[in-house]
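Presented below is the structure to which this report refers.
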């Protein structure tokens, strides 16, 4: 039970966000020459798995995203594999420990070739997204195409998506692209916050 005491309320304040930023800086931010999943060449890179796979990073990221869940009154949270999976897993666990559980799903890039062959994973046999408000999340937003793919799949099965969120926004077009599809992007952190202090 002692571990539970360390989980702060959703409105955890600027201190936790500052701590999260430093974890991202230490574990996930890199300078170099990289080709991003969008095909764009960049001299900065965010590999968010090391942040999301360490306990404190996962907790703090989940708390920031859960603020957005409350703001937009989402009933479900989901995103595209692989980047969103650690995020939504942490959100499910932390929200339950706070007695404010949020249901989560993830969208496969390609349907499984066996079993249920579902594109959307996480729903029970009698559960669907028809008419449900879904917040789409991702670890990093660049062009916004990965987030948009998840949005399209959720909307295809009747989910309502008006908002998306990312842990780090590279500010390279995601906000504008999603706005064209009626979606507001909420960003926890921005790439400029890391470049300016390097």
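A Cβ is built for glycine as well, from the same backbone N, Cα and C atoms used for every other residue.
Swiss-Prot has this to say about the protein:
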type: BINDING; residues: 108, 109, 112, 114, 138, 139, 140, 141, 142, 143, 144, 145, 146; note: 5-phospho-alpha-D-ribose 1-diphosphate binding site
type: BINDING; residues: 142, 170; note: orotate binding site
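Annotated features, which come from Swiss-Prot, shown on the structure.
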{"residue": "108", "record": "5-phospho-alpha-D-ribose 1-diphosphate binding site", "contacts (Cβ under 8 Å, 6+ apart)": "81, 118, 119, 120, 121"}
{"residue": "138", "record": "5-phospho-alpha-D-ribose 1-diphosphate binding site", "contacts (Cβ under 8 Å, 6+ apart)": "79, 80, 83, 84, 87, 146, 147, 150, 164, 165, 166, 167"}
{"residue": "140", "record": "5-phospho-alpha-D-ribose 1-diphosphate binding site", "contacts (Cβ under 8 Å, 6+ apart)": "46, 48, 83, 166, 167, 168, 169, 170"}
{"residue": "144", "record": "5-phospho-alpha-D-ribose 1-diphosphate binding site", "contacts (Cβ under 8 Å, 6+ apart)": "173, 174, 175, 176, 177, 178, 185"}
Helix, strand or coil at residue 144 (5-phospho-alpha-D-ribose 1-diphosphate binding site) [DSSP, three-state]: coil
DSSP three-state assignment (helix, strand or coil) for residue 138 (5-phospho-alpha-D-ribose 1-diphosphate binding site): strand
